[in-house]
Each structure stands twice: as C-alpha cells, then as structure tokens.
2 protein chains.
Amino acid sequence: MMSNQNKIPQATAKRLPLYYRFLNNLHIKGKSRVSSKELSEAMKVDSATIRRDFSYFGALGKKGYGYNVEYLLGFFRKTLDQDENTPVALIGVGNLGTAFLNYNFTKNNNTKIEVAFDADKRKVGKSIGDIEVHHIEDMEQNLGDISVAILTVPVSEAQNITDRLIKAGVTGILNFTPARITVPESVRVHHIDLAVELQSLVYFMKHYPLENEE
Amino acid sequence: MMSNQNKIPQATAKRLPLYYRFLNNLHIKGKSRVSSKELSEAMKVDSATIRRDFSYFGALGKKGYGYNVEYLLGFFRKTLDQDENTPVALIGVGNLGTAFLNYNFTKNNNTKIEVAFDADKRKVGKSIGDIEVHHIEDMEQNLGDISVAILTVPVSEAQNITDRLIKAGVTGILNFTPARITVPESVRVHHIDLAVELQSLVYFMKHYPLENEE
DNA sequence: TACTTGTCGTGAAATTATTCACTTATTCAT
DNA sequence: ATGAATAAGTGAATAATTTCACGACAAGTA
C-alpha cells in the first residue's frame, strides 16, 4: 500500500478519523448527501477547514450539492486503510487498561486489541472483554507481529517497557503514562496525559473566559 | 483572582501543566537548578519553545545559569492556581469512569473528583476510590457549586446530560464520549476521543514514516 | 429557458506557532 | 582576575494552520 506521502498537513490528518466516523454514522442513518456546513455544525470544525481538508485529496464534492456520503465514506475508508485490520497490544491491565479492554474500539474502527499483558500474576490467564491477559515477562513471545501498543503501566515502568516493546518491533505507542518516553526517530508516540488534560481545561476556564477552541 | 488575559498563546497554555508537573518532580528529587536544554530532553519539547513559553511570563531564568527549580515551581503554582483546589464531578461510572475514580488526580494536582453519578441503581450508594456514587436523577441536588465535569457516559446520553450540567452551572467539560456536544459560548469543552487517537496514531504510522511530533 | 440559490474549491490574507541564531549576562575553572 | 563556557531571552525568519471571501458551477424552481 503506497505510502501516500503527498503532504497532508498533520492538523488535517488528525481530523480524518473524526470525519470517517461521522460519515459512517450518517451512512448508517441513511443520509446520502451532506454539506460542509452540516458537517461543521455536527463536528464543531469550521466549514472552510473541512472543505480545505477534503480538498487535499482532490475534488470530492460537487458545487451546489455538497458531498455524497457514500462516495466520501468509501474514499476515506481506503485512505484510512479501514479494510485491513490493525492489531493492537495493551500493556498494563490496571483500571485504565481494563477500561480499554472493555471498550469496543472495533465498532467504527479497524483497530482491535488482540492481546494484553500485566505484571500481576493474579490477572494472568484471565480474559477481559474477550482478550487474554499474559504475563509481562512473556511479552516478547506473545506479541507476534503487532506493531501498535497502548501503554497503561505505572509511570515507573514506562521507559523500561517501552524499550522492550521497541526491541520487539513495535513502532507506534499510545502512551497514557505521564512519562515522556524516549524512543528512536522511527517510532511514533502519541501522548495522552489525563491529568494534564484536566488541569489544562481548568486553566483555560479561568484564563480564557469567552473563546472556544479545539 | 484577576484573569491574567495577557495573551498567552493557547499552545503555550496547553503545555503549562506539563511544565508544572515536571518541575514538581524535579523539586521532589532535590534538583535545584535546570536548563531549558535539560527540560527539553526530558519533556520532548524544543528548548527554544520552552524558553519562549517561559518568557511570556517575564524573565524567570538567569543567563549562564538556567532556571531555579523552586522559584519556577512557585511561579507556576501561582499561575496555575495550584493553591485553590478545583472540585470535579464525574458523570458515568462505567469502565472509564471507574478508572478515573481510582486515578489519583490530586497527586501533583489541584483537581479532585468530589462526586460521581450513574444511572445504574446498583452502583448508587457505593463508594469507588473514596468517592460516593449518586443517582443521575439527583445530579442537580448533589453538584453543589462544582463547575467542572468529566463526561464518561454512553454517547446517546451525552448531549442530554451536557444540557443538564450546563443548566446546573457547569462551565467546563472534559468529554470522553465520541459525541461532539453543543454548548453555549461560555462553556469550555475539551474532547478526548480515544478511538480517534488510536486511529490517528495508526494513520500517522503508515503515512508519515519518519518524522516525530507532539 | 432563465433565474435564483446553494455550495464547493481555493487564492490570498490573517493568524498562530515554531525555530533559528545572536546578544548579553552569568557562572565556573584556573 | 581573566577567559572560556554556558544558557537565557528575543528579533526575525519560517512554517503551519485557519479563515475570509469570491468565482464557478450545479441544482432546483418558475
């Protein structure tokens, strides 16, 4: 699958999954046509931004009409590789990890947690949300060729586990620990820091009383 | 508390809680001095960006020396209002909600979940992580003057609960549902969409093979 | 057919954010 | 005391992103 490196801006790329899911919902609801204005209102993204984002992929709409939902959806399905499934490993079956195991990512999505690991022997062997928990010691043997990991371990373990993951061939990590892990250039990390997000919200509430963003 | 509206860029504001936590950790470790270069390596933020960010608040460092950890920490403590505690309500005690109740936000942080709500009568009356769960019907009576809510309800309930929260005086919502909720201008919403984050990571892995960001 | 309306796609402008690179002040070693 | 090394702060350049606003064309209507 040719890496479609025609300079889609990162900001645009981050919105694609949102667009995809929303179009999918429209399709399920039986809507066959949609305008950038409607999309804008529903997704809270400026309509010009939506048109601009779509335009990076070519002329997907029709003037005076809008976008054909099915066509657009099919287009994004291909673009986002929704046909091939992406297996994911979850490391750390604590509260947050358990929540993800029960969370049905596959719903509108090509990603599925296939295997989980934890250091607590009492959790090993059990299945949570249909996913078997292995011991963290056996991680390398049970990872297979999975290249995406969700990291929900204690912060003290984060770097150590990261190093092992990378050695085992993982090239993408969704990091929920507060640790800013160090990885080679070739590995992509997205951080989601829940405490920071909450604190950031509070800061914005106090200091930016009226505007709205993101 | 004067709203310090001296045009701190949003991108900077979003990084402040990260800076704060990191400085706090340094302080705990007994480090008294730090340079933008060290901070950069640890937090994976360009050192010029760090210096620029700090400079919006004035000259906080010393040339040839760096920053005094304690001073900087004290400064950010004030800036981020870490002295006053911010009470938070959690709506929806499912998997994700439960994880948050057990998550100790207060650790490095001025925020604390004070009360939780759920529609499931079996959960009502119990305490999880020391926080009592009330029935969602009694939300308005038990919110007190809380103005921040974490929303972890099913997507179908999101808008409805949001409307009630706003009517009850909530002005900031951390929304974990996939719904892009509609709120008045005066209410701030931050979305964290876990499925989108995961999918976005996968997209970047496939299409932006070498670069690194955020 | 002719007119009106809707809506895309996009150049250009505006805004926002990042990064370079240099000046200046300070520290540290000798 | 002196010189070398360090590192902040910042003007200016660059990059990235958003937004405006309009031309062009399709769809619907009379």
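Every residue, even glycine, has its Cβ placed from backbone N, Cα and C.
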Of A:18-57, A:98-137, the range TrEMBL labels DNA-binding region: A:18-57
Cβ under 8 Å to chain B, applied to binding-site residues A:V93, A:N95, A:L96: A:N95, A:L96
Other C-beta atoms that fall within 10 angstroms of the C-beta of A:V93 (NAD(+) binding site): 25
Neighbour count (Cβ, 10 Å) for A:L96 (NAD(+) binding site): 23
Cβ-based isolation winner (fewest other Cβ atoms within 10 Å) among the binding-site residues A:G92, A:G94, A:G97: A:G94
Summary of DSSP states over the DNA-binding region (A:18-57), given as helix, strand and coil counts: 28 helix, 2 strand, 10 coil
